[in-house]
Structures are given as C-alpha cells and as structure tokens.
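A quick write-up on the structure given underneath.
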Amino acid sequence: MDHVLLLLLWTSEPVRLVGGDSYCAGTLEMKHKGEWRPVDGFRWTMKEAAVVCRVLDCGSAVSIGQKRISSILSVWGIRSNCVRTGSALRECVTSSHSTLTLNFVCLDSVRLLNGTGPCSGRLEVRSNQSNQGWSSVCEADFDQQDAEVVCRELGCGAPSALQGALYGEVEAPFWSEEFMCGGHESALLDCRSSDLARTTCSPGKAVGLTCSESEGFRLVGGDTHCAGRLELKHEGDCRSMDGSYWTLKIAAVVCTELDCGSAISTVQREESSERLTWGINSNCVHSGSAVRDCVSPSYSSFYLDLTCSDSFRLLNGTGLCSGRLEVRSNQSNQRWFSVCEADFDQQDAEVVCRELGCGAPTALQGALYGEVEAPVWSRDFQCGGNESALLDCRSSDSARTTCSPGKAVGLTCSEPVRLVGGDSRCAGKLELKHEGEWRPVGGFRWTLKEAAVICRELDCGSAVSIQECEESSERLVWGIDSDCLLSGFGLRECVTFHELYTFIQNLTCSDSVRLLNGTKLCSGRLEVKSNQFNHFNQWWSSVCEADFDQQDAEVVCRELGCGAPSALQGALYGEVEAPLWSKEFQCGGNESALLDCRSSGSARTTCSPGKAVGLTCSEPIRLVGGDTRCAGRLELKHEGEWRPVDEFDWTLKDAAVVCRELDCGSAVSILQTQESSEIPVFWINSQCLQSGFALRECVMSSTNDYEIFSGILNIICTDLLLQPVISVDGVSHVGQQGSQVVKGFSFTISCSIHPQYPGGFFQLIFTSSFSNAEHNYTQPAVNHSARFLFHAAEPTHQGNYTCVYQVYVFSLNFSSESQRLSVSVSDPTVFFLKVVALPLTLLLLSAALYMYYKATRGQMFNRQEDTELVNYPLGVGAAEEEGDVLGVHLTSGEI
C-alpha cells in the first residue's frame, strides 16, 4: 500500500550561548518542549562542543568549562554518545537536574573544516562584523607566520603542515585580503592585511593547515617513565586525570602514546579534597576518537595511577591478551624488537601471559598477528615458567639477526572468566580474575548484549537471561564498563573499579544452541552442540535445512526467549560450516529446548551450498491503548512476560528504533503516563538501543521489578493516522486507467477516513494533466468525511486527485495521504455513442438475431414433421412408400 505521511515539525536547533563576550561564547542553553534551560555540564568534551559551535555557525571550538552553582537547577541533559552518532541535538535531549552548567568558547572568525581533529582542516575566515559569510583563503595570501597565529588562536601547537587541497578543494567565496601577520598576534584578524580584491583561487590552492598538538600525557612519581600518576596538559593547563571511568583499554592508548609497552594496571586513588582535574569520556574513546578529544573538565578527589610495561608489548591483537610479541631492554633509549619462534617456547609464553594479568596461553603461533618486523631480538629466552617478568628469565645469545616469514611470535592468552554455582558451566555467577584475584562482577543494569559477550568468550551458546542477585552483605567486586564491553573488548580490559557491592551478575547462556552472524540476538545461522558429553569433547555443528522444519524453529525461538519464527531460510547468515549435525530434529513444537525433541539419525556428512539453517525470530514488542497500532504504551515481552517500559532517559532517537521496528514510520513524540500504583516494568539501556540493537537485547538487569522513577513510556509514531479513502461519484466508466466523467456533467470527489480523532480537515490536491498546474481545495471534516463537488466537468479537470487528511493532536499537526485517483473527461458525443447508441444497437442486433433464430428453427421443425409423415405411413407397403418418396423428391427438384 502506497502510504505517505507528512509531519509538520519545526526542525531547527534552538540553542544559544548567553552571558559571554560574543554570540559565540557563554553558558549553553537549549529550548526544548517550549522551555529554555541550561545544559547539564557532565562529561562534555571538545567533540560535542564542536557540534554546538557548528550549529551556531561559529568557528572552531576553543574551550569548554564547567560552572558549579550553589543550588540544583532543572536542566536539559544531552547524551554525548547520541550527538557523536550525528543525531540532531534535539533528538538527544533528556530532562535532568544538576549543579553543573557548561561554558563554551567558540571562535567567531576562524575555523578549520574537514580535518582529522580540532587542529587540522581547510581554513575559513569570517569578518567579525555582522551578517558575514565564511570565506576560504588562498595560499598566495597566507604564509607560515599567519599559520602560527591561527594555530595559537585555536589553542593548538606550532603549524606542522601548510598545503593546499589537503582537506578538500576551495569553496567560494574567497577572502579578498592578504594577511600580513608578524607571528606574535593572538588572533588572525588582529594582523595587518592588504586588499587584493581576489575573486578566484586555482584548484588545490585553498589553505589546508595542520597544527601540532600542544597537549600531552605524562606519568609522574613512578619508578620508571612508564608508571606513576597520570597528568595531561590540555587547553594550556596541566592537571591530574580524574581516576573515574578508566579501563585498561583506554590506558593502553596512553601507554602507546608514551612509547611504553602493554597496559598492566590502573589504580584509582583518593585525595582529601576535590580539585580541578581532567575527566575522560570512556564512550568517546571506545567509539574510536583520540583520547585528548574525549577529555572534559571535572571536579574530583580521585586521580589515576597507571602502570605500563616498559619491556614488552603485544601488537595487532584482538585484545590486550593477544598480539605479536615485541620486547625491549629496560635500559634507556632502546628500540622494540620482534621475537622469533625458535627463541620462545610455552614456558616463556606462560610468563608473558602472567605478567600481563591474563590467563594461560592458548595459542603460540607465528604470523597470527602480522609478519615479523625488524629488528629481531637476539637472545633465546629460557624461562622456567614461574618468573614474574620475561626479562627476569635466563637467556642465551642466539646472535639472530633475521627471522623467516611467518615465524615472529604471535601469542594468545586466555581471558580469566568463569560462571560458578549454576546448573552447567554456561550458567551461574560471573567471576573474573584481575590483578591476581578472583572476584564476582558487580554490574549495574547490564543487558543481554553484555551477557552475549561473556557467553561467546566462554564458548557457550546464545545469551538467554541476565539478573542482578543481591548478596546478604557487601563484598569486593570488579566493576565493568559496559560500553567498553560492547565495543568488542575483553572483560578484563573493561574493569573500571573495585569496591564493596551487594549486587552480583548472574548469567544464563544456552549450552546447546546458538545463532551466529545475525543482525540481532534473535537471528543468525543455527549451530547445535550436544550436552551429553564432557565439554572438552564437544563442538558446535551447523544444521541442514532438510533436518529442520517450522516446529523445530518454534522450539529454538522459545528456548532463546525470542518471539515466533519469522524467517527460516538457508544462506541468510552465511554458508554452512563443518562439522554438520548428524540427526534430523522431529519437534512437536511445544518442547522447551531443541535437544528435548525426538530425533532420527540422518547420518548426514554434507550439506548443499545455501542449505544451512538460517533462522530469524520476531521481536516481541507492541504499542497498546492508542487508537492505532502506531501509538500507545510501549510493552515488551521478555522472559515470557509482557510488561510496560519505563520512560526514564528516553529520547526521540530511542523512540525512532521502536517505530521503525513496528513499521510505523519515524518517531514524533514520547510521553509519560503515571500509574496509580507501582507495577512491574522493564528498563531499557538507551545507549544500547541507539547502537542498533533490538529492544529486548537492551533490557537492563534489575533487582527491583517495581521501580518507576518517571512513569510509563508512551510513543507516537508518524504512521499514527490511517490512510484516507478517495472515491468519485458521477462516473461514466471505470477502467484500468482510472475513472471517466462526462464533459459538462457534474461529479463529486469524496474523501473519508476511519474515525480516530475528532475534527480535522481534508485537502483535495488536484494536478491537471491538461496544464500540469496544481490546485488545492480545503473543507472541514464532517463525520470524518468531505465532498468536493464539480458542477460541470471540463478538460482542465482531467488529472490526478489525492485526499490529505490533517488533524492537530498531541500538540502536533499530522497528515495522512490517500492513494492517487486518476480521472479523465470524455466528450458528450463520445459518451452518447458509448453509453446510448452502442448499447441500443447491440440490443436491436440481439433481437434481430433472436427472431431469425426462432424463424429458422420453426421452419426446420415443420420440415421434420413432413418427413415423419412420409417415412411412417399407416398401412402402406414398402413398395408404395419408396415410390411416394421418389415422387416427392422429384416434385421438390422441379421447384
């Protein structure tokens, strides 16, 4: 059905900076839901600041600061991860309260575009007079001293590259003056200039500028330059880094920048009072941005002690516990060396894995993580296996200077993770060994997405459930950054804190069924593993379509906690992989697990290409209580139960995921309704949802099913209205090309819609095929319909008609468009011939044929009676009969 919906929305970004020296500096405020409020200053970085400066048509972002106020304010919170995905600011807003506001400084006259960071890009300049546009600058009008001034104005280091076309071609208009800076000025527009009246610039000659980074990390107070208290020089100010939210994965980036080895440990230490620090936005780092781009101002009493190895590192691995081994002497000014397999064995690997804090080595093989790079380590390690560091091991000089291709040491250490206290090794309380100690993992509201990472790491099946279990007393736990985990890193790499906690994560993974390569947890290529043998003798097997049917699929979807199967097709999620499951499943459809079904041996060893079972289960969500299926209270079925979803922290961006999954267009509004009493609800991790995951995958584990902080979530999608119906009266003919009316005669176009909301109006849009002009007619909706009368059809009325119903509900204008109706106008003469003359002619012809048929049939009947009298005379002999007949024939022949 061709269904087009038009939504009238104001889409501009209502933001402003107030109280500053210019339009481009001050406290950030935003207007949302008709109300101006300050924006919460928590964890903003220069990345988000650049977005605001761009929205305000200001120059580059120069600084961002927090302002602490004495009382709690109602503020608008902006989710930074939402902004970094390219969403509009208004899509990322949540209501909040805070004592921190944001102060921005954007340049009002200089900016760098299309660069890799804030200190690179194509230069554009604007006069600080009002109503001026941005202008590119030609190389001929800009030199090294001018570049030094721009880099200083941006808060960057000295210029390192000044070259045209580095960051895109020149764009009009052009700056018409030549800059003549001395190099000491604080701003480019403070420089002298000469008027050139330039209007063109040769291709590739627009100024592209790269400034060096004036900022950097350092470790102070440690035993080596690779250990100590972490400090950062940022925006000209050297401060300690806030110790909150750091993981080994972020620390590894800093270790690399300092030319140290692998990250070994991060320790949060506390001082007696709060002080100005630099905070880190971990989400920003995990999304791939440089660490310094993810720094935000902070007040904290915590600082970070970081230890990097100064003698070895693993490169190009999938995590901190894998990669190609490189070693260097702990003497100063040493280079990094690759290690040859011939000089490294299993006991040496055990020492390296232990020094990293990883589990036992699981793979020791050359070329796993790239080819050998020069130079090559010249000694043969001879570890006993119990040493605490690789360089503590004995070694002998091998005088090696080269290593054969594929022979550089590639090492994989296991991740020290386990589930304990459950019915199988794939269920139970999650524990992690970190810094030499096994502890439970104390996560706050994890989702199935995090659980899936653990299940995969343990070689279990799909994640089925996750719960927070409360212990009787507090105990030391490892805290995990879930965003880090969802970015593909190992559990140990994502440890953020260790503290006393009472809530422990309990996971259940399937031990016999999993879906691989799917877009969500409820889709993928099916693999099965028997649960009858010791797990060391098990392997995952693909299943052939011939051994699997719809009832089997229903069991798998139910076992995984998903909805009914919506697609069962081979090759949807990759080709079959060996080995193959050797039995045919014969489920009744009501079993709770696939391996509970009957099966018969198929002795299958091969499966045709494209015939491996690919399964898609539906997502159990709905909007209820509204007038259509595209508006109402959001409900989700999870772990066998339908519940509403809590409204806390939802944005239009999150709601858009729901509308899209329900095939209801885009999101219009999110509302909350308060319940009279507490009811069970599901809480959704909105960051998980915005990363492209399904609603059910983002349900957060909770110990209290009856918490409601801000009400039940109601969503309105753009496909709120049903489609209007369009029809025409006074039609002379209906065909495949549309309806036909007669010139000079009246006709009526009727618009109607199923009753949903009172009032509204219909707009009839007519596009004439005679003149190609568009005409609009409007009438109020009376009883949800309207009639548009045309007194006399003319050729200009020929064309396409569409009804558009418009109504104002939920403080918004909605409109829904009907299907198109084609109308042609015929001449009255043609109408008379077609409608009167032709039917009358056909009627007369039919009557004539009928009369002719009757006359002919009567004549034939009379002739038949005469024949019967001749052939069957009463009492006449055969000879007489023959003669009489001959006589009749002769007589007839004479006539």
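One-based numbering along the chain as shown.
Cβ from N, Cα, C; glycine included.
Nobody curates TrEMBL annotations by hand; they come from automatic prediction.
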Item checked: Cross-link partner of CYS688 (disulfide, per TrEMBL) out of CYS664, CYS698 -> CYS698
Next item on the list: According to TrEMBL, CYS587 takes part in a disulfide bond; indicate which of CYS597, CYS607 is its partner.
Entry: CYS597
Checklist line | Cβ neighbours of CYS393 (disulfide bond) where a neighbour is any other Cβ within 10 Å | finding: 19
Notebook entry, point to check: Judged by the number of other CB atoms within 10 angstroms, which among CYS294, CYS587, CYS597 is the least packed of the disulfide-bonded residues?
Noted result: CYS597
Notebook entry, point to check: If you skip the near sequence neighbours and keep only those at least six away, which residues in the chain come within under 8 angstroms of CYS82 (disulfide bond), Cβ to Cβ?
Noted result: GLU91, CYS92, THR651, LYS653, GLN690
Notebook entry, point to check: In Å, rounded, how far does the Cα of CYS181 (disulfide bond) sit from the Cα of CYS698 (disulfide bond)?
Noted result: 55
Margin query: Check for me, if you would, whether the domain 'SRCR' (110-212) reaches the domain 'SRCR' (15-92) - at least 3 Cβ pairs under 8 Å, residues 6 or more apart in sequence.
Written below: yes
Notebook entry, point to check: CB neighbours of CYS698 (disulfide bond) within 10 A?
Noted result: 23
Check: Per DSSP, how many helix, strand and coil residues does the domain 'SRCR' (417-494) have?
Finding: 18 helix, 36 strand, 24 coil
